[in-house]
Amino acid sequence: MKPLILGVLASGRGSNFEAIAKNCAEGKIDARIAILLSDNPNAKALERAKVYGIEARYVDPGPYKTKLSPEAEEEYVRILKEHGVELVCLAGFMRILKSHFLRSFPYRIMNIHPALLPAFPGLHAQKQAFDYGVKVSGCTVHFVDEGIDTGPIIIQRAVPVLEDDTAETLAARILAEEHKIYSEAIQLFAEGRLKIEGRKVRVLPK
Ligand code: GRF
């Protein structure tokens, strides 16, 4: 099978990017990362890409804090298309994508969120869940739509909150599960097994 071509967008640490890169390299998913793009010139993700021999670029996001400028969106899309990207994976990318980007990759953009959506969308989701006092949290991979963490859900994994947890220890256990389910979702996509029906994503049998 021809590997699925991925483009990853990351703003910071890049541990989800690295987990995907590692699983691609080890043949655990039928995919290849063609390009990593970052809106942050100091993102650790850019350094991690070097280790895996993956092309990585900082692309100026423009003057806004929470979105890309229209010109920047065009540039991101242009580079992704130039690299033949079939699926865009947001991995800690801290900007909301607008319609030009979304229309360029319809239902071909995934995101990972460190809570069981629709609970605790937005920033610091692990701390939000911890402070609220939930007994179970977790993580979600979903397709991206115009909302914040609102798109159709592909995979969720529950992580129990332990009596002696802090927001940090809970976040670390959630992160370990993020690293697994993101690759699982990408593999389902690569196998053509994700069927979107309105808000629902059906996982077709093999
Ligand atoms: C992860 O917790 C992810 O769920 C959220 O941002 C964080 C990124 O971490 N969207 P990393 O850069 O992948 O290490």
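Yeah, the Cβs are placed from backbone N, Cα and C, and that goes for glycine too.
Annotated domain 'Formyl transferase N-terminal' per TrEMBL: 8-186, in sequence order. Under the heading N(1)-(5-phospho-beta-D-ribosyl)glycinamide binding site, TrEMBL lists G14, S15, N16. Here TrEMBL flags K67, M94, R95, I96, L97, N111 as (6R)-10-formyltetrahydrofolate binding site. Marked as active site, proton donor by TrEMBL: H113. As annotated by TrEMBL, site 'Raises pKa of active site His' applies to D149.
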Recorded positions near ligand 1 among K67, M94, R95, I96, L97, D149 (Cβ under 6 Å): none
Those binding-site residues of G14, N16, R95, L97 having Cα within 10 angstroms of H113 (active site, proton donor): none
Pairwise CA distance, K67 ((6R)-10-formyltetrahydrofolate binding site) versus G14 (N(1)-(5-phospho-beta-D-ribosyl)glycinamide binding site), rounded so that it is a whole Å: 19
Average model confidence [pLDDT] within the domain 'Formyl transferase N-terminal' (8-186): 98
Site with most surrounding Cβ atoms, counting all protein chains shown within 10 Å, from the recorded positions K67, R95, H113: H113
Rounded Cα-Cα span from S15 (N(1)-(5-phospho-beta-D-ribosyl)glycinamide binding site) to N111 ((6R)-10-formyltetrahydrofolate binding site), Å: 14
